Amino acid sequence: MAATVSAGDSVTVSSASSRRNVLISPANKIQPSPPLTEFFSASTPVPASVTLLLSYTSPAIHVFHRLLQLLTWTSDRSVKSFLLLFAWWGICLGTETFLIYGLHGALILYIGHLWINSRKATKIGSDIPQSPATPPNSKISNKSNASLLSSKFVRQPTTTQLEQAATLREIQEILDHWAAWHRTLDKVETYLNWSDRSRTRLVLFSLVVTYVPWLILNYFIPMRFIAAVVGSVAICWCAPWFAIIWAVLMKLQAFSPLLQLIPYWPYRPEVTATYRKKRRVSVKDIISRAIGQRKKSDSEGYKSFKTSTGYDIEEDHATMYYKFVLYENQRWWLGLEWTPMMLPNDRSPWTDDHLEPTQSKSSFQLPPPHIAHEAIPGQPNKVLRKSQEWRWLDPHWRLKLGTDCDADGWEYANNHWKNWTGKRSRGLYTRRRAWERTAKLIDQREIVSLEDVQDELSSEQGGESENEEEEEEEEEEEVAEKEQKEK
């Protein structure tokens with residue numbers, strides 16, 4: 001599966017110094033967490049392990065964030081939250097019936113859906129025209145196009161950098177909700193940890209008194225109905241209309257003493273996370289948000305060792321695939337026709353999805369390889385060698401063609417780069433087209449002898465010293481600038 005990303009500055013990937021960011025939030029103090037995009041800034045190198053983790057967990061993050069929106073009634077339409085409520089009723093009341101009568105039919109429908117997607121992908125792959133940038137003897141055939149599209153339709157859709165940035169925004173919102181839930185649990189814990197003896201005694205007394213009524217209730221009412229009612233209250237708790245009903249009940253004298261016995265219920269936090277749309281974007285910033293990869297384990301010479309962190313490190317290699325996208329921009333001039341000359345306020349001739357300037361497709365280069373070593377406890381003469389190397393998978397850049405562009409891949413817009421269309425007409429003075437090329441990042445780990453990597457270890461130490469010197473020089477320059485400003 002391939003992840004579509006836009007290309008930024010590829011020169012700063014390996015030269016930036018490493019930095020760790022730690023969030024420390026007091027238990028009883030509400031502090032809004034900073035946006036996650038700060039942790040993926042242009043000055044922070046992203047290790048392959050973080051990239052792998054983001055790639056593996058991105059689909060689950062989307063699902064969890066969507067479920068969180070439905071539970072907090074913050075989705076675009078409230079009817080979707082009602083559908084979740086009805087689905088919960090169906091799970092509680094009809095699970096046994098579904099497993100008996102509907103399981104086989106559901107599996108048949110799912111297999112049929114996958115068959116329709118595969119047929120659609122094969123048909124679209126056979127109809128894709130050959131890109132003008134692809135030579136006639138290119139190895140990419142309709143069959144390979146069909147296979148790529150099949151993986152797109154069947155497994156995971158190809159995403160853009162904007163969607164990857166949205167993934168980080170979703171993670172930030174999940175963290176805000178989780179922090180609010182954690183603060184709520186701290187308040188609930190005060191009823192149980194004897195910090196207030198009167199509260200804890202009240203809870204114990206309530207548990208003892210309600211035990212027999214609870215058994216009687218379960219005898220007359222099945223547990224699935226009780227679960228349906230309790231789950232319905234939990235799902236509707238953040239709904240605006242339910243908040244009004246709850247406020248009215250709290251004011252009633254008949255319900256007030258009973259409601260006071262219920263511990264503090266989780267509330268919907270006020271999400272204060274903001275997403276910065278304008279920021280510096282580089283290749284490592286893009287890769288850090290990319291999703292979609294494929295892992296290939298090495299079946300020969302499998303070994304497992306305990307590292308200094310206590311985790312198992314197996315001798316294998318992982319490969320991740322990325323589809324870089326560059327946008328070529330041009331403006332129409334009287335007498336000159338279409339040229340890359342722009343107005344002062346225009347975008348650059350080559351940009352990414354965030355309209356950030358980037359290199360042209362002829363000068364775009366992948367990051368250089370990176371090698372690191374880690375000692376193995378109990379093996380003094382051996383080290384774990386970690387290498388990361390980028391390689392182009394496609395031989396050439398190719399145009400991104402579709403129904404919203406002409407035969408040469410151009411999209412036309414007005415003088416303000418808006419209202420894109422695939423047909424040229426009067427009043428359209430700007431145009432763009434997308435070039436894409438797939439690359440792969442090979443993250444390989446192997447056990448080697450210490451003597452074989454002496455040269456690499458010495459070069460690593462030299463590189464670290466150079467980075468430290470550069471950091472010291474930058475700090476001195478910043479101090480000097482501050483002193484000049486103060487004077």
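Cβ coordinates are placed from backbone N, Cα and C, and glycine is handled just like the others.
According to TrEMBL, the feature compositional bias 'Acidic residues' maps to 452-480.
Broken down with DSSP, the domain 'Peroxin/Ferlin' (409-442) shows 0 helix, 17 strand, 17 coil. What TrEMBL records for 409-442 is domain 'Peroxin/Ferlin'.
Marked as region 'Disordered' by TrEMBL: 448-487.
Beyond the ends of the transmembrane segment (86-111), by six or more residues, the same chain brings 224-225, 227-228, 231-232, 235 to within a C-beta distance below 8 angstroms of the stretch. TrEMBL lists 86-111 (among others) with the feature transmembrane segment.
Among the features that TrEMBL reports, transmembrane segment is placed at 202-221 (among others).
Taken from TrEMBL, the feature transmembrane segment applies to 227-249 (among others).
Within the model, the domain 'Peroxin/Ferlin' (409-442) shows a mean pLDDT value of 89, rounded to a whole number.
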